[in-house]
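**Student:** Could you have a look at this structure, given as structure tokens, before my questions?
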Amino acid sequence: MSLRIVVTVKYVPDATGDRHFADDLTVDRDDVDGLLSELDEYAVEQALQIAEDADDAEITVLTVGPEDAKDALRKALSMGADKAIHVEDDDLHGTDAIGTSLVLAKAIEKAGFDLVISGMASTDGTMGVVPALLSERLGVPQVTLLSEVSVEDGTVKGRRDGDAASEQLEASLPAVVSVTDQSGEARYPSFKGIMAAKKKPVESWDLSDLDLEAEQVGLDGAHTVVDSAAERPARTAGTIVKDEGEGGKQLAEFLAGQKFI
Amino acid sequence: MAEVLVYVDHVDGAVRKPTLELLTLARRIGEPVAVALGSGAENTAAALAEHGAVKVLTHDASEYADYLVVPKVDALQAAYEQVSPAAVLVPSSAEGKEIAARLALRIGSGIITDAVDLEAGDSGPVATQSVFAASFTTKSRIAKGTPVITVKPNSAAVEPAAAAGAVEALAVSFSDKATGTKVTGRTPRESTGRPELTEAAIVVSGGRGVSSAENFSIIEALADSLGAAVGASRAAVDAGWYPHSNQVGQTGKSVSPQLYIASGISGAIQHRAGMQTSKTIVAINKDAEAPIFDLVDYGVVGDLFDVVPQLTEEVEARKG
Ligand SMILES: Cc1cc2nc3c(=O)[nH]c(=O)nc-3n(C[C@H](O)[C@H](O)[C@H](O)COP(=O)(O)OP(=O)(O)OC[C@H]3O[C@@H](n4cnc5c(N)ncnc54)[C@H](O)[C@@H]3O)c2cc1C
Ligand SMILES: Cc1cc2nc3c(=O)[nH]c(=O)nc-3n(C[C@H](O)[C@H](O)[C@H](O)COP(=O)(O)OP(=O)(O)OC[C@H]3O[C@@H](n4cnc5c(N)ncnc54)[C@H](O)[C@@H]3O)c2cc1C
């Protein structure tokens, strides 16, 4: 039977742009270009490698996000994923991590899956919790933060480099995996891939397709509220000296003045 | 007074510093009740009592080491049900965030991650987060359920505050999901004898400008003269000059030391994401236009191979 892989990808504001918040304290997505979260490219890459090693596999990329999030799906399709699902609904505006995981889990169940692959964290929210939440919701093992991953005979194995130790992990499918940016460079879409992606199916689902109510998601359904967002004041300009042979000593003088030595 | 559950990060009973910082924050909201799991859990009690824990709930079982994350979620949930706390605080490690998120979902709560400060508020604890590569500061709350909040290292001072710290055995029965992900092997990270990167008061980092693995000895020598941890940019890590566990930035560690010294690092947004909240920032870079200089309290435009050894020598000399 075919190995059904669902890759979750997030559409995020470009980190090198001038990111800021809208009046309702959600992320302003109008003034900054969006793109596929770079860390999710690693998830797509590992899905492609796992699919290449399997006899028969199908990769579905899934995003929950606004209209433009289709760009993220197109990128993943042009890298080689087979089809895409876009969950889009005006009521999703302002959804928090708990709500996002609910929508993703419902969509993953509806799509059918043996393996879910996520990125290690998004580049905007950067929470690093959605894969663990998906594991909890779907009732399947979490094999997360892997810098190496393989699937064989219905078992997923991988290496998780933690703070205190590097661990070898193993779980039976179905499972939720997340991969780090150490898992291997993501491929660039080829011209052929970009052309092929235009013909690949992209399904659009809204909340009613997932049997979800508006109150369960969005700003109203959120379990968290942001009360304020303030731009961090620019750091006051420091002293900059040019090394004329005494730079190290001048720096030591500064550090001594600050009581570091 | 309301009780606040604090998840203890420890290594065989040695409590790690971020947990002691959590106790400082927990005391702003209520009475800290600590939860320590795994081998050596009971040995955490003395340190936790010294820093304000009124109670220490402990439990040990082989499941904590043999299976990933879920056994710890089961135990924290058991503690939550026993205590009915006003909030649950967890250190913001990769694992801590996963445990906290799963607990929040189970108990019908929201989750806030990577708080850098915490205060009591009229409608529950208010968390400060530093977001978008530390260019914005937000204040948020949990609107539904018992607040579950993870807090970054170096977010508060460690403050002694003697309390009873009475040890109580926690009753835990593992869920059928607890054994889903087996840990089949574990290689402990070799100790360098230097402070833990995320906990260190001073971090000395090197980037592409360091040019080779061997040259990192210059960075290490400066770090050792200051009693600092060593960090690296992703460029240096990707080149294989320094381990990934020392990477500072968005996909590495996030640090917030008293002093951060960047040598041969340009200051890309993804690097800044991991160090911009440092109290004092110093950079050495031969390019006067490098963006890192926008952040510094003190910068030296020069060749790091001249400046860093001279600085190390001067530090050693001043120590006498
Ligand atoms: C600055 C900022 C701070 C925030 N803080 C909080 C907070 O403290 N608490 C809270 O509940 N919410 C918070 N949010 C909202 C939260 O980011 C979103 O709900 C988000 O969809 C889930 O969190 P994340 O992006 O951090 O995902 P992570 O957990 O970092 O994402 C990990 C992986 O999950 C997958 N994934 C995540 N989101 C999607 C998606 N929409 N579609 C497809 N795949 C996805 C991707 O594979 C991704 O690599 C914050 C948002 C921002 C911008
Ligand atoms: C999704 C994503 C995540 C990322 N995560 C991270 C992360 O976690 N951490 C991170 O650091 N980066 C991260 N990056 C990479 C980041 O964008 C930069 O590429 C990286 O930080 C550059 O490292 P660098 O400053 O050492 O190198 P460069 O940008 O090449 O800068 C080297 C600097 O050294 C100076 N220099 C050279 N020789 C000398 C000398 N002899 N003396 C003094 N100065 C000298 C140069 O003037 C230059 O400014 C990420 C990127 C992406 C896309």
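For all residues, glycine too, the Cβ spot is worked out from N, Cα and C.
I grabbed these lines from TrEMBL:
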- B:4-183: domain 'Electron transfer flavoprotein alpha/beta-subunit N-terminal' (DOMAIN)
- B:Arg208, B:233-234, B:247-251, B:264-271, B:Asn285: FAD binding site (BINDING)
**Student:** Starting from each candidate's C-beta and looking 10 angstroms out, tell me which of the binding-site residues B:Gln247, B:Gln250 has the most other C-beta atoms.
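**Tutor:** The residue with the most neighbouring Cβ atoms within 10 Å is B:Gln247.
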**Student:** Within 10 Å of each Cβ, count the other Cβ atoms, then let me know which of the binding-site residues B:Ile265, B:Ala268 comes out lowest.
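**Tutor:** Each of the binding-site residues B:Ile265, B:Ala268 was scored; lowest Cβ tally within 10 Å is B:Ala268.
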**Student:** Select one residue from B:Arg208, B:His271: among these binding-site residues, choose the one with the most other Cβ atoms within 10 Å of its Cβ.
**Tutor:** B:His271
**Student:** Quick one: what's DSSP say for B:Gln247 (FAD binding site), helix, strand or coil?
**Tutor:** strand
**Student:** Near chain A, which of the binding-site residues B:Gln247, B:Gln250, B:Ile265, B:His271 can you find when the cut-off is a Cβ distance under 8 Å?
**Tutor:** B:Gln250
**Student:** Do you know the mean pLDDT across the domain 'Electron transfer flavoprotein alpha/beta-subunit N-terminal' (B:4-183)?
**Tutor:** 97
